[in-house]
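Novice: According to Swiss-Prot, the feature L-aspartate binding site maps to E173, R219, H448, R489, an assignment based on sequence analysis. For R219, D220, E221, Q228, E482, G534, L535, D536, R537, the entry in Swiss-Prot reads ATP binding site, with the evidence type sequence analysis. Positions annotated as region 'Aspartate' by Swiss-Prot: 197-200.
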Amino acid sequence: MRSHYCGDVNKSHVGQEVTLVGWVNRSRDLGGVVFLDLRDREGLVQVVYDPDLPEVFAVASTLRAEFCVQVKGVVRARPDSQVNGQMKTGEIEVLGKALTIINAADPLPLSLDNYQNNSEEQRLKYRYLDLRRPEMAQRLMFRAKVTSAVRRFLDSNGFLDIETPILTKATPEGARDYLVPSRTYKGQFFALPQSPQLFKQLLMMSGFDRYYQIVKCFRDEDLRADRQPEFTQIDIETSFMTSEQVMAKTEEMMRGLFLEMLNVDLGEFPRMTYNEAMRRFGSDKPDLRNPLELVDIADLLKEVEFAVFSAPANDEEGRVAVLRIPGGAALSRKQIDDYTKFVGIYGAKGLAWMKINDLSLGLEGIQSPVLKFLNESIVNEIISRTGAQTGDIILFGADQATVVAESMGALRLKAGEDFSLLQGEWRPLWVVDFPMFEKINGNFHAVHHPFTAPRGVTAAELEANPANRVSDAYDMVLNGCELGGGSVRIHNQEMQSAVFRILGITDDEAKEKFGFLLEALRYGTPPHAGLAFGLDRIIMLMTGASSIRDVMAFPKTTTAACPLTNAPGFANPQQLAELGIAVVEKAVKTEG
């Protein structure tokens, strides 16, 4: 039905007859000549119909936005005065000779030109129309090229694309599972996989050595801007490779991807330990474009007569840290109060501050409600450590170390945006040496997942002192977003059983949930390691989209619903009866 895509017609085609198909982006009658902007996935081209062909002209005069049409015509160069530098095809136009309306279009329920006026509900309900917008089409085409580039790299490096089951068994991976009832086994359920973690480990035990999969994963969790109930991973696993080798290979892949797709050289990725990241930035995924850093000052405040500072300064689990904001002395009291409310979201009880109005005047040039509790030597040392200058403000976080890290880390990001401090476009890094476990309500939980290997200890040593052990894990971070995370896996039964015990998983529970894994570990399991990247997040960053919903063809809303299909929906009674399921409480369908 066509000879060329609309966006591919150029000056080399002048004089040629072309056949184009697509949608009417815009149609206008100017002085007896119809100008038609025809659109397909590759772009726009202008088609001109004049009255010399009355029958064709009559049809062209009836066209409205989003009619699906076929155009036949001759390519001609535009006069210099009419060249449109904003269009890829702006040097040419097509003189229409024939026109077929393939399908007319009713008036659209949403605007494709002024899409900012469309609600997200509208955009998702009429997603097939929203995806006609060039911006959306370009993102999905970009995504297709990224997945193709990833496959080429992994294929050329000996990785095998192997599918793993979608219907599987529930395993504790941090989020709720989506359950699928079994008709054959009444009262029993499959779970949709949160990741192919155990299957890819089993593939290493099977001897496949290098595996990858671009795979759908499912998590029934609370949604945020960068979360969806179903999402796509670039899943990778290797045998006989160390964590250093896995990081080197996947860094090579990511650097090549950015160079090919964006012509950006990311350079060599720096390394940073988890402890350093939390200390300096209050986050295990620091945005290195932001020059602001947290500075510890607890050692200066142990003896001050101000319990807000001295109590956490003398508490082993407490922390006092400050954040210097260049130019922040200009903040009004209301703006400081707004920052105080902001850190309160993260559990902080307040936000002390110190304005450096004039450094040359000593204490006289400093304004702060806590200045009366601090002597001159303490103030001078705080100024020295932070590098504060006249016109700056120093903000104080004093609380439990976890609260200080989270609240001041979030404030660092907000201040960086508010004061336009971000430097550079792309700042990648590896974060390494994560703790094996974290304590929540007195119980140990795996920081990554329960199959992550510790670094440099035996099973007995791990059980004897689990709190201070470091995992052989690594996260790739870019601009404050975790692109992917991975680890060396446990490859012997003794260590895996020890980790289960530390996590409070009884032997019976371990056998019931992971018996197949524990048995597999008895039969010559090779050392193995891997990593999984969030494809949606990578595309979001590379395209500058504000949400992963804008780089997925048919995403869910923030309430995990699909306005297009009205999913989830109620099952009919016969289906439920076959599954042995009775709905005991009336379900309320949430719009949104």
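Cβ coordinates come from backbone N, Cα and C, glycine included.
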Novice: In the same chain, which residue numbers or ranges, 6 or more beyond the ends of the region 'Aspartate' (197-200), come under 8 angstroms Cβ to Cβ?
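Specialist: 164-165, 168, 171, 173, 211, 213, 235, 237, 449, 451, 514, 517, 530.
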Novice: Consider the binding-site residues R219, H448, R489 and say which one has the Cα lying nearest the Cα of E482 (ATP binding site).
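Specialist: Spatially nearest to E482 (ATP binding site) by Cα position is H448.
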Novice: If you skip the near sequence neighbours and keep only those at least six away, which residues in the chain come within under 8 angstroms of R489 (L-aspartate binding site), Cβ to Cβ?
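Specialist: Q201, M204, F451, T452, A453, H528, A529, G530 - these are the non-local Cβ neighbours of R489 (L-aspartate binding site), listed in sequence order.
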Novice: Tell me the Cβ contacts of H448 (L-aspartate binding site) under 8 Å, same chain only and six or more apart in sequence, or just say none.
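Specialist: Listed in sequence order, they are F434, S471, A473, G485, S487.
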Novice: Name, in the order they occur in the sequence, the residues of the same chain whose CB lies under 8 A from the CB of L535 (ATP binding site) and which sit 6 or more residues away.
Specialist: R143, V146, T147, I214, F231, T232, Q233, I234
Novice: Relative to the Cβ of R219 (L-aspartate binding site), which residues of the same chain, six or more apart in sequence, are found under 8 Å away?
Specialist: A175, R176, Y178, Q194, R227, P229, F231
Novice: If you draw a 10 Å sphere on the Cβ of R537 (ATP binding site), how many other Cβ atoms land inside?
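Specialist: I count 20 other Cβ atoms within 10 Å of it.
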Novice: Cβ distance under 8 Å to E221 (ATP binding site), same chain, sequence separation 6 or more: which residues?
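Specialist: Same-chain residues close to E221 (ATP binding site) (Cβ under 8 Å, separated by 6 or more) are A175, R176, R227, P229.
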